[in-house]
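Marked as region 'Disordered' by TrEMBL: 1-25. TrEMBL lists 1-17 with the feature compositional bias 'Basic and acidic residues'. Taken from TrEMBL, the feature domain 'Major facilitator superfamily (MFS) profile' covers 50-486. Taken from TrEMBL, the feature transmembrane segment covers 51-76, 88-110, 122-139, 145-166, 178-201, 221-244, 290-310, 330-349, 361-380, 386-409, 430-449, 461-483.
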Amino acid sequence: MGDTTRNRHGNDNDDAKAPSSSPETVYYEGCPGCAMERKKENSTGTPYKEFFYVGVTTLASALPISALFPFLYFMIQDMHVAKNEEDIGVYAGLLGASYMIGRCFASLFWGVVADRIGRKPIIAFSMFSVVIFNTLFGLSEKYWMAIATRMLLGSLNGMLAPIKAYSVEVCRPEHHALGLSVVSTGWGIGLVVGPAIGGYLAQPAKQYPNLFSEKSVFGRFPYLLPCLFISLIAFAVLISCIWLPETLHMHKNLEREVEMYCDSEVAPHREVPHSEKKSLYKNWPLMSSIIAYCVFTLHDTAYSEIFSLWAVSDKKYGGLSFSSKDVGQVLAASGAGLLLYQIFVYRHVHKYLGSIISSRIAAVLSIPLLATYPFMTHLSGTKLGLAIYCAAVMKGAFATTILTGTCILQNSAVPQNQRGAANGISTTAMSLFKAIAPAGAGVLFSWAQKRQHAAFFPGDQMIFLILNIVEVIGLVLTFKPFLAIPKQYDFK
């Protein structure tokens with residue numbers, strides 16, 4: 001009754017027979033997934049409008065995750081929970097980890113719900129949670145309140161799994177790599193622009209005394225302004241969800257749906273009946289790519305926290321003695337470089353090298369780059385600025401290349417009706433590693449500061465050595481037999 005049959009050339013004809021090499025496509029009236037498939041069939045171009053929304057939404061979700069890093073050291077100082085300066089890193093690590101602990105417990109749930117009720121409701125609710133709990137975090141004066149609001153923010157912001165699925169569902173198969181790279185880039189930019197916002201806007205009464213009084217609300221709550229700014233961005237994205245098209249198939253007879261063919265090098269996609277679904281946990285191409293993704297995520301998150309703590313710590317402890325504003329400037333430059341890399345470079349890198357080889361090369365190049373960081377403490381002035389800015393930009397580009405490649409492998413290993421759950425598993429595992437990373441990085445940083453005169457890799461040299469060891473482990477996991485590639489895809 002409610003379905004319309006079209007052959008692959010787009011002609012409405014119930015009796016028309018499709019060519020023998022391509023079965024007919026069945027669409028269902030009122031189904032948003034079918035409407036999106038019809039739109040993709042009629043348009044072969046790149047869906048820039050949809051990709052722009054994906055990028056902005058991902059950016060808004062990522063901003064609060066790392067925005068606290070530049071002022072985290074000072075926030076812990078103001079809360080007076082650390083007995084001495086060397087212990088600040090431990091408390092900072094636990095607070096940084098609380099977001100990911102919350103997300104670890106809830107990500108799979110949100111992925112499964114997104115496969116049931118759609119991507120749009122979960123994305124909208126996630127933006128709402130950012131608006132509320134990120135603002136409350138900025139109002140925190142006690143350590144327990146800061147921990148609680150960050151954990152609630154992590155558990156209720158279930159956007160990452162649905163937006164990854166959404167990014168490949170709004171485009172044709174030949175644009176899947178670009179769609180997922182938009183997610184990775186938005187996420188990466190959010191993780192560097194967030195700290196830039198935190199660095200520029202934290203403690204405004206001290207940084208901008210001519211604009212903000214110590215008696216004002218921003219004087220009483222010195223970390224509210226960056227949180228409020230990010231919450232306003234999330235609120236704007238929440239309003240824009242009104243015009244967000246749904247992509248999930250919502251008709252009852254999914255068993256009758258046939259293959260949706262597109263002219264591309266990638267194999268056609270087919271919705272699998274529930275009875276024929278393979279357990280995601282037995283899908284080794286999916287699980288192996290998730291394992292590699294998690295290890296690289298552990299490294300990237302630990303690097304983000306260590307970089308901020310290292311940069312603001314005193315030179316007598318092996319740091320750079322930067323202010324939070326200085327750190328914000330470095331990370332802002334890194335975000336700008338990452339954006340340019342994504343727009344002008346990454347698609348060509350992926351086209352000629354593929355997901356796996358590009359990830360391996362980026363991992364290899366990251367190792368000598370990180371090894372140079374401890375020696376930057378001997379530089380000053382223009383030389384230090386040039387070295388730290390270039391290193392931050394290159395590190396961001398390498399991280400984006402690696403994480404995008406592994407994301408592409410994950411989404412290629414499952415059909416659409418399992419994509420939300422698959423990304424939920426990925427996000428849950430990633431969140432666990434991201435929860436371990438800040439806590440572990442904080443403890444490692446505090447330990448390293450106490451061994452400045454050790455004979456074997458003193459101080460910050462030991463920090464970056466351990467980061468490189470984690471990177472090497474991730475690199476090894478991109479080779480067989482650790483990594484399995486989906487049989488229907490010809491990845492390099």
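A Cβ is built for glycine as well, from the same backbone N, Cα and C atoms used for every other residue.
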* Asked: Taking 3+ C-beta pairs under 8 angstroms (sequence gap of 6 or more) as contact, is the transmembrane segment (361-380) in contact with the transmembrane segment (461-483)?
  -> yes
* To do: Go through the chain and flag residues at least 6 beyond the ends of the transmembrane segment (430-449) whose CB is under 8 A from any CB in it; none is fine as an answer.
  => 86-101, 103-104, 107, 154, 290, 293-295, 297-299, 301-302, 305-306, 309-310, 313, 317-318, 459-460, 462-463, 466
* Asked: Where else in the chain does the transmembrane segment (122-139) make close Cβ contacts, counting only residues six or more beyond its ends and a cut-off under 8 Å?
  -> 57, 60-61, 64, 68, 110, 113-114, 145-146, 149-150, 152-153, 156-159, 162-163, 166, 221, 223-228, 230-231, 234-235, 237-238, 241, 244
* Chain residues in Cβ proximity to the transmembrane segment (386-409) (below 8 Å; excluding those fewer than six residues from its ends, i.e. six or more beyond) -> 164, 176-177, 180-181, 183-185, 187-188, 192, 285, 289, 292-293, 296-297, 300, 303, 307, 311, 320, 330-331, 333-335, 337-338, 341-342, 345-346, 349-350, 355-356, 358-359, 361-363, 365-366, 369-370, 372-373, 376, 379, 474, 483, 485-486, 491
* For the transmembrane segment (51-76), which recorded stretch in the set 88-110, 145-166, 221-244, 330-349 gives the largest number of Cβ pairs separated by under 8 Å? -> 221-244
* Cβ under 8 Å to the transmembrane segment (221-244), counting only same-chain residues 6 or more beyond its ends: which ones? -> 53, 56-57, 59-61, 63-64, 67-68, 71, 75, 78, 120, 123-124, 127-128, 130-132, 134-135, 137-141, 194, 197-198, 200-206
* To do: Determine whether the transmembrane segment (461-483) and the transmembrane segment (290-310) share at least three Cβ pairs under 8 Å, counting only pairs 6 or more apart in sequence.
  => yes
* To do: Can you tell me which of 88-110, 145-166, 178-201, 290-310 gets the most C-beta pairs within less than 8 Å of the transmembrane segment (330-349)?
  => 178-201
* Structure fact -> The average per-residue pLDDT within the domain 'Major facilitator superfamily (MFS) profile' (50-486) comes out at 85
* What residues in the same chain, six or more past the boundaries of the transmembrane segment (145-166), come closer than 8 Å to it by Cβ-Cβ distance? -> 54, 57-58, 61, 64, 75, 79, 94-95, 98-107, 109-111, 113-114, 119, 122-123, 125-127, 129-130, 133-134, 136-137, 180, 183, 187, 247, 407, 410-411, 416, 419-420, 423-424, 426-427, 431
